[in-house]
Amino acid sequence: MAEVLVVVEAGVKKVTLEMLTIARGLGSVSAVVFGEADTAKLAEYGAEKIYTASGEDVAGYLVAPKATVLAELVKQVQPAAVLLGSTQEGKEIAARLAIKLDNGLLTDAVSVEADGTATQVVFAGSTIVKSKVTKGLPIVTIRPNSVTPEAAPASPTTEALTVSASDADKLTKVVERVAEQKGSRPELTEASIVVSGGRGVGNADNFKLVEELADLLGGAVGASRAAVDSGYYPHQFQVGQTGKTVSPQLYVALGISGAIQHRAGMQTSKTIVAVNKDPEAPIFELADFGVVGDLFKVVPQAADEVRKRK
Ligand SMILES: Cc1cc2nc3c(=O)[nH]c(=O)nc-3n(C[C@H](O)[C@H](O)[C@H](O)COP(=O)(O)OP(=O)(O)OC[C@H]3O[C@@H](n4cnc5c(N)ncnc54)[C@H](O)[C@@H]3O)c2cc1C
């Protein structure tokens, strides 16, 4: 069975586990790690082989050396497919890889079938597109939160790759790394609970209410674009078509009307709870539980109840 290369996102993010799950339907799963990764996790989710590429030529530069390493590996093992995360870095590596191999590329897929057909969900979830790479092998980037990761323990072998970055790969050097200040909250796209606030929250200060409920539930905080555009919350927390896609077990929408572009980023959440004072708000069409009411009255009561049950 041909290998399927899965390019591991640093820290083994959820999207990596999703890619490993998808890859198992396409061939024998090989993970490609740049730098360090939790190899036990990769094994747990079905990696039968782990390629590692490390050293200054990888860590000291941006994505170009990674694309070079991958291109060499593809030529060597002739994989059935290459999967990368639809993240900023994943897409950039994928694009460079496709150019190096003079190969087709599909981005933002939510699944890939055994014959290489990729499914993309576009126009805010209203249209489903099936596409196939017609030149070369399927190089596909997978959108985070597309499938539920399923464990399938394997006992991988490991192989260290030789990294020989060219001068052209070294044109952009990493001069400094600054660790982003992280709070105790889970990352938005990885969280199993997300509490989001919309324009109905009213101002930036009131977002404390959203944060408080999120913290009590151990969840992440999200925001609608209207809330972000109004300066209530930073852009990196925007959920929706032009923001992040989340698919938690529980999504709580506070003062969010439920516009199609917002839904595009959260409609696959397992359970959706909405609080909105307008009984006609479209979010209620989607919600599993809806509270018609003023969020400034409902949320403190909900928070009190959660506190009592802790
Ligand atoms: C190309 C494009 C891309 C877009 N991408 C995104 C995206 O990624 N994400 C996104 O979210 N939007 C996106 N939008 C914008 C989207 O169309 C909506 O404008 C936006 O989602 C509305 O945000 P909202 O629900 O917070 O605000 P509104 O639509 O103004 O809704 C606010 C809601 O709060 C309720 N409310 C007010 N006060 C209270 C209260 N005290 N208690 C309870 N409820 C209250 C109101 O009844 C109302 O339903 C995009 C639009 C376009 C055109």
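Backbone N, Cα and C define each Cβ position, glycine as well.
Bear in mind that TrEMBL entries carry predicted annotations, made automatically and left uncurated.
Taken straight from TrEMBL:
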{"type": "DOMAIN", "residues": "4-178", "note": "domain 'Electron transfer flavoprotein alpha/beta-subunit N-terminal'"}
{"type": "BINDING", "residues": "Arg199, 224-225, 238-242, 255-262, Asn276", "note": "FAD binding site"}
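Where TrEMBL records a feature, it is marked here on the structure.
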{"residue": "Arg199", "record": "FAD binding site", "contacts (Cβ under 8 Å, 6+ apart)": "Ser224, Ala226, Ala227, Ser230, Tyr232, Gly255, Ile256, Ser257"}
{"residue": "Gln238", "record": "FAD binding site", "contacts (Cβ under 8 Å, 6+ apart)": "Gly222, Ala223, Ser224, Arg225, Val228, Lys244"}
{"residue": "Ala259", "record": "FAD binding site", "contacts (Cβ under 8 Å, 6+ apart)": "Ser224, Gly240, Pro282"}
{"residue": "His262", "record": "FAD binding site", "contacts (Cβ under 8 Å, 6+ apart)": "Gly198, Ser224, Arg225, Val239, Gly240, Gln241, Ile256"}
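Within 10 Å of its Cβ, the residue among the binding-site residues Gln241, Ile256 with the fewest other Cβ atoms is Gln241.
For the domain 'Electron transfer flavoprotein alpha/beta-subunit N-terminal' (4-178), the predicted model reports an average pLDDT of 94. Taken residue by residue with DSSP, Ile256 (FAD binding site) is part of neither helix nor strand, so it is coil.
When secondary structure is read from DSSP and collapsed to three states, Gln238 (FAD binding site) falls in the strand class.
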